[in-house]
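A.B. asks: Structure incoming, see below.
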Amino acid sequence: MVWDYVAFVVFLVLSTALPLWNKCGDGKDKTKAAYVFATGSRVSTFAMMLSIARGTLGVRSVLGYPSELYYRGTAMWETLYGMVCAYPIVCFVFLPVYYSLGITSVYQYLDLRFKSRLVRCLASATYVVRSLLNVAVTVFTPCVALKTVIGLPYWASIVGITSISVFFTLLGGLKAAIHADVIQGLVMIACTLAIIVQGCVSAGGIENVINTASENGRLQFFNFDMDPAVRVSTVSALFGQLFMSLSIFGCQQSFVQRYVSMESQKAVVKTLIGNIPIIVVLFSLSWVAGMGIYASYVNCDPLLFGYISVIDEIVPFFVEDKFVHMPGLLGIFMAVLFNGALSLTVSIINSLSTVTWEDFFLQLPHFQTFNDRKQLIVIKCIGAFYGVLIVGIAFGVALFSGVIESSMLMTSATSGPLLGVFLLAMLIPCCNWKGAAWGMIVSHILTLWITFGKLTMKREPISLLPLNDEGCTNATFGHLGPPETAFFVDSDDLYITNNTDVEDVISISKEPEDFLTELYSITYMYYSLFGCFMTVFLGIVISMITGTSEEDAYDEKLIHPLALKISRYFPGPPRKYVADKITSPDKAVNHVNHINHINHITPERYTPKEIPLPDKKPPV
């Protein structure tokens with residue numbers, strides 16, 4: 001495997017150095033804006049689209065989706081419906097509200113809208129916790145394949161990915177992360193196409209690949225089973241993924257950072273809408289690769305035969321098995337997984353450090369006097385701290401396998417309340433900070449209660465589709481050596497697995513017996529929908545009970561224009577906004593200075609004549 005090691009190291013060095021080449025020529029980032037938003041350097045629309053697509057799919061598109069189709073079918077493929085529907089909603093609901101606000105952290109919008117540090121900090125803390133859990137799993141995921149195929153220890157992979165990510169964060173900022181996404185995305189596409197071509201060759205053509213998958217129950221679409229305990233159906237895939245995608249695309253700092261780094265709102269809309277076919281193609285390529293792998297092993301499954309121990313190892317095993325005569329390709333494939341986790345970690349660390357600085361550190365009086373250069377230094381130090389923290393959490397994931405599923409459930413559970421508070425802010429003019437805060441708190445408590453209840457409940461393993469090892473012989477994978485979990489039987493000339501866990505996994509879940517068991521049995525696909533609904537419902541009810549006061553008035557530009565227009569037709573006294581209380585230039589300047597303090601903008605940029613004043617005070 002010498003050539004594989006060489007290819008792994010060379011690709012890793014090149015993909016790290018090339019995005020920083022322009023950075024070395026341009027010198028260090030002069031301002032915080034250049035570091036956080038890549039201002040002062042033009043990022044092409046194609047690069048931004050591919051970067052957003054990589055951030056959407058992640059490492060799971062290389063390892064997770066092919067193994068999902070192989071062992072569980074196409075149910076999860078239908079999450080593409082919700083993902084695609086989320087893009088136009090983000091374009092026409094979220095972007096018009098906060099694109100031109102000039103904010104560095106997306107959670108500053110909540111401070112402007114509700115005039116509450118509590119709501120802002122709750123949303124920011126939700127994002128930080130979710131991102132840390134998510135990035136720890138992202139870092140650990142390729143470590144499994146790297147250890148299985150190349151033999152790289154967990155600690156080396158975890159420390160390596162995180163260290164290079166911190167290096168990128170300190171030197172490159174957002175621009176380097178976007179360019180790294182482009183390089184790794186293109187190589188990932190090339191590797192996926194190579195797997196598809198090899199799978200078709202091994203199975204005897206694309207027609208055989210499709211027929212084999214269809215005849216063995218791998219292609220099953222449009223399952224409208226309304227049972228909430230079903231792991232994934234068409235309904236849960238559509239609505240569950242829609243709310244999770246809206247929370248990620250519309251409320252997550254790493255994505256909004258990319259939006260506001262572009263030259264105009266029109267360019268952002270063009271990029272997001274144009275990204276839909278890219279997502280569809282890249283998402284579907286991974287599933288087609290799973291079809292090719294399944295057709296190649298339809299008569300001799302490596303899991304039953306004992307060559308792999310978990311289903312996620314099927315893709316690296318296929319590369320090791322079928323590309324054995326192409327030295328170096330396995331190393332490139334492993335480097336793609338390594339760099340896939342790397343690029344996502346860079347993006348998330350960059351966003352986490354920005355959010356932590358803007359929403360927590362900058363609220364303290366001591367840090368408000370820092371100039372731009374000192375702010376940039378502190379942001380980079382925060383990023384380095386998060387790198388160390390991610391290493392620790394990733395080691396925890398490696399030591400306790402249940403943490404992986406726990407972090408996935410936490411990610412789904414925290415998406416709903418975060419999306420709900422943004423919908424309250426943008427679409428519900430009557431909502432105040434009390435309703436938003438209590439809606440988030442209660443929704444978090446309920447969703448986390450269900451999540452931890454699901455983890456503590458004695459659950460049956462997820463059922464797998466039928467597998468076959470009747471075509472296995474000693475020579476099937478002879479070039480890979482004997483499996484560790486099998487014993488030899490002379491009469492049948494077969495390696496037969498003695499791992500009873502495989503038979504335990506292929507089982508059917510039992511029917512729930514009581515209310516709590518039924519509640520905990522609800523699929524995690526609905527957690528985001530439930531959390532969002534509870535936040536919005538409680539936010540409206542509590543706001544109506546507590547009412548609004550003069551201090552709750554805000555700028556009407558913080559509400560979506562359509563929601564503002566519709567609200568004027570509702571019964572009751574018209575709502576007062578900030579502009580309704582401004583009656584003199586002095587008050588207008590004081591109001592602008594308050595907004596500048598929240599956004600940390602120097603007052604010299606504004607003059608009283610720039611403030612639009614009403615001709616007369618409207619009736620209350």
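Each Cβ is built from the backbone N, Cα and C atoms, and glycine gets one as well.
Sharing the features that TrEMBL gives for it:
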type: TRANSMEM; residues: 6-22; note: transmembrane segment
type: TRANSMEM; residues: 34-59; note: transmembrane segment
type: TRANSMEM; residues: 79-101; note: transmembrane segment
type: TRANSMEM; residues: 121-140; note: transmembrane segment
type: TRANSMEM; residues: 152-174; note: transmembrane segment
type: TRANSMEM; residues: 186-210; note: transmembrane segment
type: TRANSMEM; residues: 230-251; note: transmembrane segment
type: TRANSMEM; residues: 272-297; note: transmembrane segment
type: TRANSMEM; residues: 331-357; note: transmembrane segment
type: TRANSMEM; residues: 407-429; note: transmembrane segment
type: TRANSMEM; residues: 435-452; note: transmembrane segment
type: TRANSMEM; residues: 524-545; note: transmembrane segment
A.B. asks: Take the C-beta pairs under 8 A between the transmembrane segment (272-297) and each of 79-101, 121-140, 186-210, 230-251, 524-545. Which stretch has the highest count?
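C.D. replies: Ranked by Cβ pairs under 8 Å, first place goes to 186-210.
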A.B. asks: Please identify the stretch among 121-140, 230-251, 331-357, 407-429, 524-545 with the greatest number of Cβ pairs below 8 Å relative to the transmembrane segment (79-101).
C.D. replies: 230-251
A.B. asks: Hey, which of 121-140, 186-210, 230-251, 407-429, 435-452 has the most Cβ-Cβ pairs under 8 Å against the transmembrane segment (524-545)?
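C.D. replies: Answer is 407-429, with the largest number of Cβ pairs below 8 Å.
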A.B. asks: Are the transmembrane segment (186-210) and the transmembrane segment (435-452) close enough that 3 or more Cβ pairs fall under 8 Å, when only pairs 6 or more apart in sequence count?
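C.D. replies: They are not in contact.
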A.B. asks: For the transmembrane segment (186-210), could you work out the same-chain residues 6 or more beyond its ends whose Cβ comes under 8 Å from its Cβ atoms?
C.D. replies: 11, 15, 50, 54, 61-62, 66, 219, 282, 285-286, 288-289, 291-293, 295-296, 298, 315, 318-319, 322-323, 329, 332-333, 335-336, 339-340
A.B. asks: Residues of the same chain, at least six outside the transmembrane segment (121-140), with any C-beta under 8 angstroms of its C-beta?
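C.D. replies: Same-chain contacts beyond the ends: 58-59, 105, 107, 110, 154, 157-158, 161-162, 251-254, 341, 344-345, 348-349, 351-352, 355-356, 359-360, 386, 389-390, 393-394, 396-398, 404, 407-408, 410-411, 414-415, 417-418, 421-422, 437, 440-441, 444.
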